[in-house]
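Student: Just dropping this structure here.
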Amino acid sequence: MRLLYLLFAAVMLLFLQAVPANGSYYSTLQCRNNHGHCRRLCFHGEQWIGNCNGRHQHCCK
């Protein structure tokens, strides 16, 4: 049983390290809720309205 707890703790530790803590999912969802698209560069004629993916991409509309 103790081995099971240690295995569970190790898996949870690895999982928590993989989850971004800077709110990047929230910014991406907020962009899509505003009918925008996350892109590296906005196309000609599109307007930059925010950031996505932890400020690595632009939210274009």
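Start at 1 and count along the chain as shown; that gives each residue its number.
The backbone N, Cα and C atoms fix where each Cβ goes, and this holds for glycine too.
Given the structure is predicted, the values throughout are model-derived calculations rather than measurements.
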Student: Looking at the disulfide bonds in Swiss-Prot, identify which of CYS59, CYS60 pairs up with CYS31.
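Tutor: Swiss-Prot says the disulfide from CYS31 goes to CYS59.
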Student: From the candidates ASN33, ASN51, give the one listed by Swiss-Prot for the same 1,2-diacyl-sn-glycero-3-phosphate 2 site as ARG40, HIS58.
Tutor: ASN51
Student: The disulfide recorded in Swiss-Prot for CYS60 goes to which of CYS42, CYS52?
Tutor: CYS42
Student: Check the DSSP secondary structure of CYS59 (disulfide bond), expressed as helix, strand or coil.
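Tutor: Assignment for CYS59 (disulfide bond) reads strand.
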Student: Hey, does DSSP put CYS31 (disulfide bond) in a helix, a strand, or just coil?
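Tutor: It is helical.
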Student: Apart from ARG40, ASN51, HIS58, which residues in this chain have a Cβ no more than 8 Å from the mean position of the Cβ atoms of those residues at the 1,2-diacyl-sn-glycero-3-phosphate 2 site?
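Tutor: The answer, listed by sequence position, is CYS38, ARG39, LEU41, CYS42, TRP48, CYS52, ASN53, ARG55, HIS56, GLN57, CYS59, CYS60.
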